Every structure is written in structure tokens, then in C-alpha cells.
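Chemist: So TrEMBL lists the following for this protein:
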- Arg161: active site (ACT_SITE)
- Ser209: active site, proton donor (ACT_SITE)
- Glu279: active site (ACT_SITE)
- 18-182: domain 'FAD-binding PCMH-type' (DOMAIN)
Amino acid sequence: MSEDYQKNQPLSFHTSFRIGGPADWFYEAKNEKDLVKAITFCQKKKISFLILGGGSNILFSDKGFRGMVIKMENKEIRIKDGKVLVAAGVSLNELLKLTAENSLAGLEFLAGIYGTVGGAIIGNAGAWQENIGDKVKRVRALNKDHQFKWLNQEECQFAYRQSRFKKSKEIILTVELELKKDNQQKIKQKIKENLAKREAQPKEPSAGSIFINPKPKSAGSLIEACGLKGKRIGGAQISGGHANFIINLGGAKATDVLELIALAQKMVKEKFKITLQPEIIILDENGKQIHY
């Protein structure tokens with residue numbers, strides 16, 4: 001085990017934000033056996049560990065992580081009779097491509113969303129009034145006692161950008177999705193249309209939407225109304241194209257992003273009496289989630 005991990009691996013290499021200091025240890029788990037081996041190693045050595053997927057919805061500390069980051073690299077996908085069994089480490093793009101090729105509809109709303117299946121399940125990713133949790137039949141997870149368990153859709157406790165996995169210590173391994181057969185060209189056309197809708201989104205490194213949309217207003221419209229579009233602190237900037245995105249212009253630090261988050265929250269609260277809740281996961285160097 002000790003021969004397989006990397007020391008002092010910059011986490012900026014593994015997140016869509018391109019931000020984050022070094023992890024003490026970094027390990028790529030290519031299957032469930034690797035994952036259990038890494039967790040067991042950490043527990044025996046009393047090393048903190050953190051599970052990472054695509055790194056698309058996370059902000060690591062500039063100090064990195066004092067422990068081991070275990071990246072899920074299992075890429076297995078199986079399709080049979082409209083049921084899709086997909087590993088947590090599979091990218092949403094790869095999943096969408098394969099389901100479309102098999103004429104399976106229902107995931108077109110995921111077009112253009114960066115990240116992995118595991119991360120999408122944790123945050124119940126979605127767009128245009130559709131969420132991935134609605135397509136889930138069951139999820140296979142590993143709990144803190146190293147027990148494997150299948151959880152049905154109801155047990156996953158899906159809600160808007162929420163699931164039980166945001167608070168539990170369970171690690172998502174495999175997801176079973178139930179999709180419907182449809183015309184392949186129709187599916188691909190819908191994907192194309194959804195990608196076109198996302199053209200306005202920034203191309204610079206980011207973590208996607210920073211804040212959860214407070215109904216009925218969108219977070220982006222509230223931030224824009226406060227005159228914050230284009231506001232820059234250090235290497236981070238509230239996007240001039242979409243105000244609910246903070247982008248890395250080059251060399252941005254986590255502290256730059258956090259200052260922009262705090263500023264947007266403060267101004268929206270003062271102007272609209274609305275508290276914006278971050279959609280991204282913000283972690284300190286000990287892996288503890290910071291709530292803004």
C-alpha cells in the first residue's frame with residue numbers, strides 16, 4: 001500500500017477550480033478492493049482520509065489536506081434492459097454518451113455538467129427541473145464499518161441539491177439507474193440543445209454554480225442586481241457572463257474565493273434580505289466542512 005500512494009500531491013491538479021494545496025497522501029482507487037485497502041491502511045495508521053470524485057463541486061484549502069485523499073477511479077458501466085449499473089468514478093459525460101448510444105433517455109439534462117456519478121448523487125445534481133435522484137433505483141454504498149449495503153431511492157433521501165450522503169459517512173460505490181428507451185436521434189438532439197444553453201457559462205476554471213438558487217429568484221440574478229458581476233479579488237472573479245460562477249483567472253487562492261462568497265452573501269442579504277447558501281463543498285485543511 002505504501003508504495004502506491006503519492007506524497008504532497010497538489011489538490012489543484014484534481015479539482016475543476018484548479019485550487020488547493022498539497023494532500024499529505026494521494027491514492028487512486030481503481031476498484032472496491034483498492035478502496036477498502038486504502039481505508040483500512042488509513043485507519044490502522046490513524047490517518048484522516050477523504051474521498052474525491054471529479055473534484056468539480058469542491059473548494060480545498062490553500063493549505064491542502066492533512067491526510068490521504070482517495071480518488072475514485074472505477075470506470076465500469078453495465079447496461080441491460082433499460083437498467084444502467086454505473087460506478088461512482090464514471091464521469092457524467094461518459095455516462096451520458098453511453099446511454100445515448102444505447103437509446104436510453106432521461107439523463108439529457110446532465111449535458112455539460114462536469115463531475116462524476118458519485119458526486120452527482122451526493123448533491124442530487126440537476127438542471128431545468130430535473131434531478132439525477134429521480135432516475136435512481138438504488139445505490140450501493142460502503143459504511144464506516146466496512147459493510148456494503150444497497151439503498152433504494154427513498155432511503156437515499158433526495159431533495160433539491162441534497163441526499164443522505166451529504167451528512168452520512170457512507171461512500172457511494174455503484175449506482176443503478178432506470179431509464180426509458182427512446183429514439184436515439186431525439187436523445188442526441190436534446191443533448192445538443194442543452195449544451196447550447198450552457199454556452200453562456202464561463203469556460204475558465206470554476207466549481208460550477210457557487211450558490212443554491214433561493215426560490216423563486218436565481219442566485220445569479222440577485223448577485224448581478226448587487227452590481228457584483230466582474231468583481232475580482234486576487235486571482236478569483238465573479239464571472240461577467242454568469243454571476244453565480246466564480247472563476248479562476250490564474251493563480252486564484254481559496255481565500256480569494258471565500259472573500260467573494262462572503263461579499264456576495266453580505267450584499268444580497270442587505271439588499272434583498274435573502275441568505276445565499278453555498279452549493280459547493282468548502283473544506284479546511286483537516287477535511288472539515290466549512291459552512292458559510
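Yeah, the Cβs are placed from backbone N, Cα and C, and that goes for glycine too.
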Chemist: Mind giving me a neighbour count for Glu279 (active site)? Other Cβ atoms within 10 Å of its Cβ, every protein chain shown.
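Modeler: Counting Cβ neighbours of Glu279 (active site) within 10 Å gives 18.
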Chemist: Find the average pLDDT over the domain 'FAD-binding PCMH-type' (18-182) in the predicted model and report it.
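Modeler: Value for the domain 'FAD-binding PCMH-type' (18-182), mean pLDDT as a whole number: 93.
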Chemist: Which Cβ among the active-site residues (Arg161, Ser209) has the fewest C-beta neighbours inside 10 Å?
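Modeler: Candidates: the active-site residues Arg161, Ser209. Fewest Cβ atoms within 10 Å: Arg161.
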Chemist: Taking the Cα atoms as reference points, how far is Arg161 (active site) from Glu279 (active site) in Å?
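Modeler: A Cα-Cα distance of 8 Å.
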Chemist: Quick check for the class: what is the C-alpha distance, in angstrom and rounded, between Glu279 (active site) and Ser209 (active site, proton donor)?
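Modeler: If we compare the Cα positions of Glu279 (active site) and Ser209 (active site, proton donor), the gap is 7 Å.
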